[in-house]
Structures are given as structure tokens and as C-alpha cells.
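Report on the structure given below.
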Amino acid sequence: MVVLSTLALVRAAYSLNSFVFEAEDIRFGSPWWFVVVGVACFLVLFAGIMSGLTLGLMSLGLVELEILQQSGSSAEKKQAAAILPVVKKQHQLLVTLLLCNAAAMEALPICLDKIFHPFVAVLLSVTFVLAFGEIIPQAICSRYGLAVGANFLWLVRILMIICYPIAYPIGKVLDAVIGHNDTLFRRAQLKALVSIHSQEAGKGGELTHEETMIISGALDLSQKTAEEAMTPIESTFSLDVNTKLDWETIGKILSRGHSRIPVYLGNPKNIIGLLLVKSLLTVRAETEAPVSSVSIRKIPRVPSDMPLYDILNEFQKGSSHMAAVVKVKDKDKKNNMQLLSNGETPKENMKFYQSSNLTAPLLKHESHDVVVDIDKVPKHVKNRGRNFQQNGTVTRDLPCLLEDNEDAEVIGIITLEDVFEELLQAEIVDETDVYIDVHKRVRVAAAAAAAVSSITRASPAEIQSKVGQTVKKLVGKEARGTKNYTTKITEPLLAESDR
């Protein structure tokens with residue numbers, strides 16, 4: 001536009017003989033003079049509409065229109081639904097609007113040249129086009145582009161039909177060369193968009209800090225791995241399969257407050273299953289039965305680089321809420337990286353994880369009565385069986401699943417709560433937790449610590465009374481036998497607290 005105006009000024013300078021306000025073709029005040037002025041005003045208005053629609057419609061992306069069509073107000077839904085089919089023809093629409101805008105701006109100086117001197121005509125055309133054909137329309141359409149585009153959609157459709165012979169071929173060429181602009185947001189862009197809409201950003205957003213944290217955690221869930229969220233095996237409370245379920249062991253289980261406890265054989269890294277604490281309700285502590293006498297359920301194994309999103313999907317099936325994290329072999333790591341480089345989604349990667357010889361896939365379509373047969377050695381275990389002597393009990397051909405196999409050792413335990421903590425990006429602390437962050441060894445709040453210290457300072461009679469009530473609820477005994485039970489369970493606890 002600036003180039004055209006410059007050329008017109010040069011042309012006017014060469015043809016200027018005298019500064020006359022009125023041209024000789026059409027006299028001022030004649031009917032034709034008013035007709036030309038009306039045409040000039042129409043051209044300015046038409047050029048302004050085309051300029052505003054170019055900015056308003058082309059600034060509306062397909063993704064934005066689809067969002068408004070689904071989640072906008074009733075008026076926005078109607079407007080977005082009407083505009084979307086037209087905006088999908090991006091390049092044809094662009095060529096149509098630019099052709100009409102250029103035609104109006106080129107015709108304006110010609111009309112004004114009939115009633116004004118060429119120099120005055122160029123000066124007026126540049127002024128009116130800038131003010132009423134560019135600045136004001138684009139300022140309005142940049143703010144109300146959706147509403148303006150919907151109201152002038154009938155005009156746009158007519159112009160697209162008129163300019164079809166020229167706009168359609170050029171639009172197809174642009175589609176082939178440039179392509180369509182329908183890029184979606186990346187994860188980082190979505191997180192930044194959510195953070196901008198938070199109340200803490202101070203930009204009028206309605207999302208609270210907790211809501212933004214949860215949304216960001218959900219976006220990061222497929223990027224985080226099991227190794228990042230697991231509890232290290234060294235910090236995990238577990239039981240040997242030959243441990244006697246006496247009062248001391250039951251007291252430790254009660255003090256931990258876990259609902260599921262991993263069970264190992266010989267080496268704590270040799271996890272063979274898990275024990276549901278509620279299954280101990282029928283166990284009599286005076287019999288000192290080993291853990292192997294209770295139903296030990298299968299514990300699924302997942303590779304350390306498995307995304308938390310896939311683990312959450314498997315936990316949702318209800319087969320298990322605890323899994324053993326296994327160290328991935330270098331060979332399987334390379335295969336996994338090759339799968340990721342091929343652009344496969346996390347769901348497609350599940351095929352790799354489930355077929356890996358390091359892991360046992362999470363239980364599917366199995367009832368909760370499935371237990372581990374500790375007398376049967378799995379086929380994939382190289383060490384068929386070994387004899388262990390612990391607590392005076394000798395095991396018979398119990399499988400050593402992962403011992404002496406450094407590439408497939410269990411390095412941690414992951415639970416559904418761990419995945420939820422990564423989703424919420426905050427630690428979930430209950431009344432039995434000792435540490436908020438197991439990795440950093442950060443203890444719980446002072447209130448919980450004070451409660452623990454108050455129990456430690458309590459008298460033996462008070463401790464026996466409290467533990468007796470708990471044992472009575474668990475084992476279902478009458479009050480007459482509670483005293484003997486509490487004496488047996490509190491003696492080792494008191495001895496340990498005196499240390």
C-alpha cells in the first residue's frame with residue numbers, strides 16, 4: 001500500500017500545473033459529484049471491512065474455534081460453528097479478502113481523481129484508507145473478531161463465490177506449498193497456558209494453585225517413570241517368607257499401618273509376593289505361624305523406565321495396587337529407546353513392557369484369590385530352588401527369583417498412592433506415616449511427631465490398654481484374654497523404646 005501511494009504521489013507531482021482544489025471533469029455540487037463521493041465512501045468502508053475480516057478471521061485458529069464450539073457460551077458456540085467451515089479454507093479465504101481489499105484501495109484514487117486534483121485525491125485516499133480502512137477496522141476486529149466475522153459471514157461467502165476462479169487455484173497452490181496451519185499445543189505450552197490462568201499469576205485467571213498443580217502433574221505423568229516415584233527397596237518395610245507371625249511381628253505390622261506388605265525370600269531384593277494385612281485377622285499369634293502359611297498374593301513387576309501413566313492405567317483395572325520396580329537390562333533399554341524413537345504412544349509401549357522377560361505383567365482378569373505357590377518354581381527362574389534357614393525354619397525348594405541376577409534386581413516398590421502423589425505433586429501423609437518424603441528422609445509435621453513422643457512417654461499400663469483395644473478389634477477376642485495378648489505384644493515394644 002505504501003508503494004502504491006508513493007507511485008501515485010510521483011504521478012501527481014509530474015502532472016501538477018497548479019494547486020487547484022477542484023478538477024475540471026465534475027463540478028462541485030453537481031449530481032455526479034455526490035455520486036462519486038458516495039462511491040468513494042463505499043470503497044473506503046468496503047476496504048475497511050475486508051481489512052478487518054482479514055485480521056479477524058485469519059487470527060482465529062481451527063483449534064480455538066473448536067474449543068469455543070465445545071466450551072464457549074451459547075452465542076460463541078453458534079458463531080464458532082458458523083465460521084469454522086469457512087476458516088477451514090484458509091488460503092482461499094485469505095486470497096479472496098486480499099483481492100477485494102486491493103481492488104477497493106486501487107479504485108479509490110481513481111474516483112477521487114474525478115472530483116479533486118490528483119495530488120489532493122492521493123492525499124485524501126491515503127488519509128481515509130489509513131484511518132477508516134486499516135486502523136479502526138483492525139482495532140475493532142482484533143477484539144471482536146468472532147462476532148464481526150459471524151455477522152459478515154454472508155458477505156464473505158458471496159465474495160468467495162465471485163472470486164472463486166482466481167482465489168481457488170491460488171489457494172490450492174498455497175495449500176500444497178505451505179500446508180495448513182492446524183498445529184496443536186505442546187505439553188510445555190499447555191503447562192505455561194495453565195500457569196498463566198492461575199490466580200497467582202495476577203492476570204485475572206480463575207484457576208487455584210492446587211488446580212494448576214494437578215493439571216501440570218497430569219501432563220507430566222507420561223513423562224515420569226516408575227523409578228522417580230518408587231520407594232527404594234532399602235526404605236521399604238517387608239517381611240521374609242519364613243518370618244514368624246508372633247506378637248512382636250504383628251506389633252511391627254500394626255505400628256507401620258500398611259495395608260500391603262511385600263514378602264521376600266532370603267534377600268530383601270528378592271520379592272516373591274505381597275501380604276494383605278487384613279488376611280492376618282484369622283492368624284493366632286501364639287501359634288507363631290510363618291508368613292508362608294498365609295495367602296501370599298502375586299506382585300506384578302514393572303520396569304524402572306515404565307511411564308507412570310501406564311502404571312496408573314494398570315492399577316485402575318483393580319488387579320493390584322502395588323508393584324515391584326525391576327531394574328531394566330541395557331538390552332531392553334535400547335529396545336525401549338528404539339520404540340520411543342519410532343513415535344509410539346505410551347499405550348503402544350505397553351506391548352514392549354508386557355513382553356519383557358524381566359517383568360511379569362500386571363494381573364488381568366484374575367480374582368483376588370490368586371496366591372503365590374511358593375513350592376513351585378517359575379519357568380523363567382534360573383535358580384530353581386535353594387534351602388534357607390531363618391528363625392529356626394528350613395524352607396523346602398523355595399524359589400529365589402532374582403538373586404545373583406543384577407540386571408533384573410528389584411530396586412523399589414511403587415503403589416497407587418505414589419502415582420497419586422506424582423499426579424497431585426504433593427505428598428499424601430496419613431496418621432501412620434513417619435516420613436513425608438522417603439527419599440529425602442523428611443519427617444512428618446510436628447503434631448505427628450508430638451503424638452509419637454507422647455506415646456513413647458506413656459506408662460506401660462496405658463500402652464497395654466491402647467494396644468489391647470486394637471488387638472481385641474483385630475483378632476475378635478473377648479476382654480478376658482486381652483490382658484495376656486497385650487503383655488506379649490507390648491513387652492518387645494517397651495524394650496525397644498527404652499533403648
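Including glycine, each Cβ sits where the backbone N, Cα and C put it.
As annotated by Swiss-Prot, domain 'CNNM transmembrane' applies to 29-211.
Annotation comment: Swiss-Prot describes 230-291 as domain 'CBS 1'.
Per Swiss-Prot, domain 'CBS 3' is recorded for 365-431. For the domain 'CBS 3' (365-431), the predicted model reports an average pLDDT of 56.
Marked as N-linked glycosylation site by Swiss-Prot: N181 (among others).
Per Swiss-Prot, N-linked glycosylation site is recorded for N357 (among others).
Feature annotation from Swiss-Prot assigns N-linked glycosylation site to N391 (among others).
The N-linked glycosylation site feature in Swiss-Prot is assigned to N484 (among others).
Sequence annotations record features per position, and here Swiss-Prot assigns topological domain 'Extracellular' to 1-32 (among others).
For 54-91 (among others), the entry in Swiss-Prot reads topological domain 'Cytoplasmic', with the evidence type sequence analysis. Residues 97-98, 101, 137-138, 141-142, 144-150, 153, 156-157, 160, 170-172, 174-175, 178, 180-185 of the same chain lie 6 or more positions beyond the ends of the topological domain 'Cytoplasmic' (54-91) yet place their CB under 8 Å from a CB of it.
Under the heading topological domain 'Cytoplasmic', Swiss-Prot lists 136-145 (among others).
The annotation topological domain 'Extracellular' is assigned in Swiss-Prot to 167-499 (among others) on the grounds of sequence analysis.
Long-range Cβ contacts of the transmembrane segment (33-53) within its own chain (Cβ-Cβ under 8 Å, at least 6 residues beyond either end) map to 26-27, 97-98, 100-101, 104-105, 107-108, 111-112, 114-115, 128-129, 132-134, 136-138, 140-141, 148-149, 152, 155-156. The feature transmembrane segment is assigned by Swiss-Prot to 33-53 (among others).
Taken from Swiss-Prot, the feature transmembrane segment applies to 92-112 (among others).
What Swiss-Prot records for 115-135 (among others) is transmembrane segment.
The transmembrane segment annotation in Swiss-Prot covers 146-166 (among others) and rests on sequence analysis.
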(message) Could you give me three numbers for the domain 'CBS 1' (230-291), the DSSP helix, strand and coil residue counts?
(response) 23 helix, 22 strand, 17 coil
(request) Determine how many residues of the topological domain 'Cytoplasmic' (136-145) DSSP places in helix, in strand and in coil. (result) 9 helix, 0 strand, 1 coil
(message) For a three-state summary based on DSSP, what are the helix, strand and coil counts in the topological domain 'Cytoplasmic' (54-91)?
(response) 31 helix, 0 strand, 7 coil
